[in-house]
């Protein structure tokens, strides 16, 4: 009773300060709320199997290229040899496919809905992994990577929107981090398996997460927002009652969605046309800038080319073994982000992430520079060969508490339901273009700038991003909870993130 009394008092005092009255008829008991949120968390984790599939795809080149260097026999009896350019393309072609996949998904998701779209997107996953496993030559291998990119881009648009629409408003920040957890878990799965399996067998094993995704989708509910927009009101009410519980005003939530949809149609602002509104374009521009700094800071280079980076920097461990440790560190960073993003906010998390990464990359570049300049018989720096490994571990940990997850979260939070799929696909596509450039230009930039210069280039971009972050992102603020601003009264704090 004390908890309920405190929650009610805090709600009343906030309303008085805001000068607005909110009608509260019931207060959900905390045990009931915990059970309901655990159920939501379970559904979000199941839906995040799509992001596990993405995570399993992205770092495949790291263990695969190391294995191809010593065992280039294929399953069809030929031998495969990759040039430096083709090695870069094993990562960059996924990003290129991701670009087209994100654009295609904006239309498919609006037509079929989030859940059915995820089922359709399993097909390119399976085709891509079969092409990789059975590739007789580099061309087929690279085409398979492009097909996998199509699947990843499509899945990102569908799954990110779906997760956001399942969760209560006051826990969306935490729930929206679960897809990032799925990506890093998928990455750990791939590099862990890659340490023990040959590259073609690894490709077959990586087809398991998409198969599980297909099975899981048959047990997931349809998106309530999608159902409302397509006139299936009663079905949406049934699903929302299960998600929000008996204490929530689901009629108001559905009515609000209907009002917004009708208003958009009346104004002629639906689908892609709504993107041209000035306030939407401003948000898109902010997110494009965030994705630019996310990728031009070496995010995907360190994620996908981990073994190559560690080997070039002279890390003391076997690069493939170290890659497994780095993947585990990424998981730890993402778990920290689940709590940090809600309590510290998106902006502060980004600033912390980029600032620490800037210092880490400066130190890494300095170590590589001094090592390259040292004479052949000077072993001063070899005694400190643990420095590059520590720097990479710090970089990957701190990346995942802000720089990596925040742009993806905001790409779905910033936009209303009627344009969320289209707007987020534009944002994801911009990130894909930048990641394609950073991966494809990794070897050429290393040759022109030197390895140390490349790390300092990444560090300078992080420094610029830290400075420019001050006015880029709106801070979270409370809203009165009537269903009109995506808030909810649950006997706890009320948070709405713009």
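Using N, Cα and C of the backbone, Cβ positions are placed for all residues, glycine too.
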Item to check | transmembrane segment per TrEMBL - which of 284-309, 414-439, 440-465 | outcome: 284-309
Checklist entry - When TrEMBL marks a stretch as transmembrane segment, which of 176-196, 239-259, 260-280 is it? => result 176-196
Checklist outcome for this item: Per TrEMBL, the transmembrane segment among 69-89, 321-341 spans residues 321-341
Item to check | Other parts of the chain folded back onto the transmembrane segment (321-341), taken as Cβ under 8 Å at six or more residues beyond its ends | outcome: 59, 62-63, 173-174, 177-178, 180-181, 183-185, 187-188, 191-192, 194-195, 303, 306-307, 310, 315, 349, 389, 392-393, 396-402, 405-406, 409
Next on the checklist: Tell me whether the transmembrane segment (202-229) sits in contact with the transmembrane segment (386-411), defined here as at least 3 Cβ pairs under 8 Å among residues 6 or more apart in sequence.
Outcome noted: no
Checklist entry - Across the domain 'Major facilitator superfamily (MFS) profile' (48-498), what is the average pLDDT of the model, as a whole number? => result 82
Next on the checklist: For the transmembrane segment (37-58), give me same-chain residues lying six or more residues beyond its boundaries with a C-beta closer than 8 angstroms to one of its C-beta atoms, as numbers and ranges.
Outcome noted: 91, 94, 118, 121, 125, 128, 148-149, 151-152, 155-156, 158-159, 162-163, 166-168, 171, 175, 178-190, 206, 209-210, 212-213, 216, 219-221, 243, 300, 303-304
